[in-house]
């Protein structure tokens, strides 16, 4: 999933900022540390998903865990090799959306975009849910409050990402290294022990609800595929590597594949040997940890490390989805506001959108990892398939030397991930995958509809054509609404006069005496500008001005309304000022075509 | 409480609208129907409050109900006579705030205003809570959902009053007539029956928690004073009467007093005779109704009529508080926004404020009438006292013929209501009255603080002084931020040129190629205006323009930024447009002193 570190690459023309030279780029090992957390943290929920799938056929069926894991590892190997070729062909990175737009056309890229959005949202949800599971394994008292913990974690990630996080990949190195060491330790120590250090598995035997048929195996396989999510991260981030980029990135990809494969097989072997079965509120990984390290401090430390790794994996989506949404906005496929960065270099609307979607999803499934897994891998595997298909198309079009074996590798990868996607969809459809099946086309429709709207606007504004020369118009009439003769009035009239057109002041009064007093005060002041006083028997102050302005603009003359605004020095006084001006501005803007100008006047109180 | 129908009178100089001639004014009988509901509906909770107060001394203590009611009726008589004099002296109406401002000075009027606010909010809360009690007496299934029912009723009242309700008093006539007939019927039929038609009182006897001492009697008296709320309504609405206004209004006031007194004494007598005691979810009035009419259709109809009367009584506050708040806003004692009416002749901020306060209060006491009563009468009685004190001051100052007996009447009224207020405060302090004791001074402080702020602003703006002549300034520089060359750009540049000053266009690009393309398109177009392109390596689009504008305004030159806004025809497309322009406008307005102009461009899509 990780576009997290690929921000810069997704917009490759952005020049590096000061201090962003080659020295800041990653070696292979650094790249591994920085970019693999998303994929590696999948070991926290992937093996567990297999076990949970198989146990429906009773505890005996758990023997199928190891062979299924081996099949998944084979798929991993094909994917990794296929992705080394993606790295070579797309050294600018760019991810499934950019690549499929280039190689497979605009329509297909909509599918890529929609599945990526699903993928990012699910990465956040699954990682937070699995992280909470790990935390609750160490501290059982938390088990009853998983949703709340997830939402707190999500709120923290959102707040951090709204403030803007450092792009530095190096922050992730230590957690990654510790995570690999911890899980590797669980496996190595487990293999060395004759018997688990703590009770593993459960006293209760799981009765068989169904026979261990091919369907059940396929279900367990498709659940286990969630362990493969994240292996595309390195291919998306090639430009963050030090020269020679492609070689370093490929080496990193292979290392990631090897480590992930070892962890998956090692964990599956321990599950197989120790007959680990699902147990209440303790995850399979936590059971294995207890089996290797006992339930002392090392157990707590490992669970906390797993939680941290999953939290950081969730964070990669916050680096990725907002950037993807900004790209979609630039392609007119999402509202332009997702491309907006104001004071901080943060796509805040994308961050908020991701947070809301993830919160919705977590709440809908009550923070259950188990219920999220069926939705999870589909989006990722659609991305896998599209990336590899794009490469096949690339080889077939470009036909460089040795293109055929290369196309074969990517073709095999595409075929396998297609098969996996079909298995995922068919076996998990009723378990939640239908949500994704409904959501992806709806999103594609939305993107297309937005694109059509912007195209229509573009035609209407004649974008790309040279417009006629500026219209020669009569001087503007500047209307200044005023309440009384004061320094504010002086400021407003002076400003209006400096525009150079005609100026007229206008006031509304429901009380003839006050109207007369105002007119007299105006004549005493004598600013050289006419004051029109409108009588408003209904005491409405805004409506009469709107009508006055409409009359003035009625003969086709360009009208600007200059609304003076008193700005208090302290924010808490804002409620005391300007409401009338803001209301007038709002109504003028929604009902008329006049220019509405706000003139600030700063107070010292 | 009822300023409800006094809107026009509170602003006596507003000319009548077409069709608002003498014919629309009220006769005495019409006035009674239109203005008495607030006071008369008090019989739904007043007698009940006495009974609930006395029962702490056991069922036997309920014999004190009748004498306490007679004392309250005596107080009512004094109040009514005193108010006939208020009517004569203040034929323009105006209520306790306006009257005390005139007769007792600005400081005291703050107290009047604060107690009136409390009064209005409590009228809404108590009426809704008591109305729900009446409804739940007829339909016991609703008893568990009183708060929800209250809040629904409140939401309906708020919605209706935000839309704007007719001022027509005649709408209230039928409900009032039916209400008087129903309660009168309960009393007359009850007096004619030898035995109640249904079980009245309760099987369970109430044990005595305390002796029937003087304190308990005072407590019951002060609770019962809630029955007097609303008798000031007619005095506030004298100008709605037909000539001779004063005489008609006085007659109405006397009629109201007589009817209210008869209803109170009649109900108290029935309570006394039939030994009515509090019973679970059935109000005392509902018990009496069942005793007279049985529990057939007449019982349901009467309870529904009582509910309707109380809902309409709650509605009078929606006519009153927003008007009072607009008066306070005009006196600079509340934010001016409470005096704002935009498209409808409705003080929407006042309506919303009242709804929020009432909802808060109802939620805090869980819609319990019993818990609201101790807070209720205090605000009203402060108003009573101030109105009558004002009149005493008036007599002592003006000294017309026979001023002494008149002053004596008002003085006696003021003394009695003062004593009642003191009793209310001392006996109910710990039961909730402390909230009012805290809220009223805090509100007075708030009003005073707001007034001081506006006074400071007035000094700074030199309100009331003739300012110097308009400053002669250099022609304005109009900066037009643009994204591309299009019809929108042509519209914006044409508009800027029509202002008559210097015009410069500005664009931001992070991509040198696109910047070059834009510059070329600009030169092809050649609109006679310079285009500055700002390079923004950080992709921020708004910040560079803000800095550009700050530089341009730096040398003291007047700068206006003209931001073109694309306005889609359909509201649902608004999210797709203008976010950048709005953000730019927002940041410019908060950070700079330049004039910010919004130029609409309406699309056909």
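Even glycines carry a Cβ here, placed using N, Cα and C.
Predicted automatically and left uncurated, TrEMBL annotations should be read as such.
Per TrEMBL, the feature transmembrane segment maps to A:50-81 (among others).
Annotated transmembrane segment per TrEMBL: A:110-130 (among others), in sequence order.
Marked as transmembrane segment by TrEMBL: A:142-160 (among others).
Remote same-chain partners of the transmembrane segment (A:172-192), defined as residues 6 or more beyond its termini with a Cβ less than 8 Å from a stretch Cβ, comprise 30, 32-34, 36-37, 40-41, 43, 259, 262-263, 266-267, 269-270, 274, 285, 288-289, 291-293, 301-302, 305-306, 308-309, 312. Positions annotated as transmembrane segment by TrEMBL: A:172-192 (among others).
Feature annotation from TrEMBL assigns transmembrane segment to A:212-234 (among others).
Sequence annotations record features per position, and here TrEMBL assigns transmembrane segment to A:254-272 (among others).
Away from its own ends, the transmembrane segment (A:304-325) comes close to residues 1-7, 10-11, 37-38, 40-41, 44, 95, 97, 113, 116-117, 120-121, 123-124, 127-128, 130-132, 134-135, 138, 153-154, 157-158, 160-161, 165, 167, 172, 175-176, 178-179, 182-183, 230, 233, 285, 334, 338-339, 346-347, 349-351, 353-354, 358 of its chain (Cβ-Cβ under 8 Å, at least six residues beyond either end). Residues annotated as transmembrane segment in TrEMBL: A:304-325 (among others).
Look at TrEMBL and you will find A:346-365 (among others) tagged as transmembrane segment.
Taken from TrEMBL, the feature transmembrane segment covers A:371-395 (among others).
Positions annotated as transmembrane segment by TrEMBL: A:407-426 (among others).
If you look up TrEMBL, you'll see A:432-450 (among others) marked as transmembrane segment.
Same-chain residues lying 6+ beyond the ends of the transmembrane segment (A:346-365) with a Cβ under 8 Å from its Cβ atoms: 120-122, 124-125, 128-129, 147, 150-151, 154-155, 157-158, 161-164, 317-318, 321-326, 337-340, 371-372, 432. Here the transmembrane segment (A:50-81) does not lie next to the transmembrane segment (A:142-160) in space: the count of CB pairs under 8 Å, restricted to residues six or more apart, is fewer than 3.
The stretches the transmembrane segment (A:254-272) and the transmembrane segment (A:407-426) are not in mutual contact, being linked by fewer than three Cβ pairs under 8 Å (pairs 6 or more apart in sequence).
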